[in-house]
Amino acid sequence: MKSGQAEIAETSKGIQKRGLMSRRIAILDSAILMATTNETLPFFTQFIRFHADYNDLPALTFFVVANAVVSGYLILTLPLAFVHIVKKRQRTAMVGLLASGAASAAAIVYLAHKGNNNTNWFPVCQQFNSFCERISGSLIGSFIAVALLILLICLSAIALSRRH
């Protein structure tokens, strides 16, 4: 290997290691943000209140669980990632889990913002502003994490194809 190639390889490894940490943190942040989202509004009197919480909707609960599982997987594989390239199939499964959690939450976020007149689901984001801002931010973070994991899989595939 020429010295220029060695420098590029070392530089790309450093970028990959920093990228792995930022992906893990982004996924964990999305799960934490969604899990801590709730808002209570008074209704007519102070004794009657409306409460919105992420676990009121199964799709948002699935979103938190999927993000937590993927975060746990990525955190546990951190020591191995520096020594070995994680198998492509496992990463693909994690992308699928994360994407399905984000997609199910996206459907609920859409209903919260737009509602559905056919089923008498009214948009709740007009009342629960903080709740909707937080779940929307969490959803954006999760989709960014999906894109970063897909990029990681592509980079791993390129690295493996160059070895053979």
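Placed from the backbone N, Cα and C atoms, the Cβ positions cover glycine too.
Keep in mind that TrEMBL annotations are predicted by a computer and have not been checked by a curator.
Listed features, source TrEMBL:
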{"type": "DOMAIN", "residues": "26-148", "note": "domain 'Casparian strip membrane protein'"}
{"type": "TRANSMEM", "residues": "25-48", "note": "transmembrane segment"}
{"type": "TRANSMEM", "residues": "60-83", "note": "transmembrane segment"}
{"type": "TRANSMEM", "residues": "95-113", "note": "transmembrane segment"}
{"type": "TRANSMEM", "residues": "139-160", "note": "transmembrane segment"}
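For the transmembrane segment (95-113), the list of distant contacts is 27, 34, 57, 59-60, 62-67, 69-70, 121, 123-125, 128, 131-132, 135-136, 138-139, 142-143, 145-146, 149-150, 153: same-chain residues at least six beyond its ends, Cβ to Cβ under 8 Å. Across the domain 'Casparian strip membrane protein' (26-148), DSSP helix (H, G, I), strand (E, B) and coil residues number 88 helix, 17 strand, 18 coil.
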